[in-house]
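Annotation source Swiss-Prot lists transmembrane segment at 1-21, 48-68, 102-122, 126-146, 162-182, 203-223, 231-251, 267-287.
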Amino acid sequence: MFIIELIKGIILGVVEGLTEFAPVSSTGHMILVDDMWLKSSEFLGSQSAFTFKIVIQLGSVFAAAWVFRERFLEILHIGKHKHVEGDNDQQRRSKPRRLNLLHVLVGMVPAGILGLLFDDFIEEHLFSVPTVMIGLFVGAIYMIIADKYSAKVKNPQTVDQISYFQAFVIGISQAVAMWPGFSRSGSTISTGVLMKLNHKAASDFTFIMAVPIMLAASGLSLLKHYQDIQIADIPFYILGFLAAFTVGLIAIKTFLHLINKIKLIPFAIYRIVLVIFIAILYFGFGIGKGI
């Protein structure tokens, strides 16, 4: 049984790594895979299972931090200075990168404020299967609208051309995505695209902006609940973290490589299919009624 439970922990880490930064809602997938199927709360206990999810989320966040490590060093003015993307060598030599620490801070402010004010309320009242399905569906529609609009934009901007106003508006959409199932990356990438960034630029800024705020949020949650960690459960935490980190690295790099080509609509369609599947399990078979 111990081996089976370890495998379940690895599976949850893999799911977290695949979905945390993809625009598909990691919350929706964790409800489907864990709460409706694997039920980590049964072999870890409800409190320890909650802490386990914080740990594997940190694995995904560290993966994103590693992928963007050079960007973070540049934003903090550590290491070599690079130049803005441009049409020719002269442009690249003459224009320093515009993305800086203030862009990131401006983008973090709305979600940071709402998180401090409403985090407990959201955790207590909005984490249910129906609310997650609503978030998945509405988020999918928003992504489709963004993609349809982006097709009309002739010269979308790169991440180094982002303005402080654009950063703030994208930050507001990150705050809206606190609704479970909406998806932080789905919301912010869509908003970035609507603000005339290209899909890769919107994704880059989304991940760069998300890393510090998620590190802070997960770190604070871990400090609150670290006493729930049992020595016997440590192997689950380690394997889950490593699975989330490793799979997260691959998923993030693959996503960033493909997003300008495939856009958001395939993810939106997937989300709608996921809503239908969860609805069948929930309303048709009563699975997850206690969540």
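Just so it is clear, glycine is given a Cβ too, placed from its N, Cα and C backbone atoms.
With pairs at least 6 apart in sequence, the transmembrane segment (267-287) and the transmembrane segment (203-223) have fewer than 3 Cβ pairs within the 8 Å limit; the two do not touch. The transmembrane segment (48-68) shares the most Cβ pairs under 8 Å with 231-251, out of the stretches 1-21, 102-122, 162-182, 231-251, 267-287. For the transmembrane segment (231-251), the neighbouring stretch richest in Cβ pairs under 8 Å, chosen from 1-21, 126-146, 267-287, is 1-21.
Here the transmembrane segment (162-182) sits apart from the transmembrane segment (267-287); fewer than 3 CB pairs are under 8 Å, leaving out pairs fewer than 6 apart in sequence.
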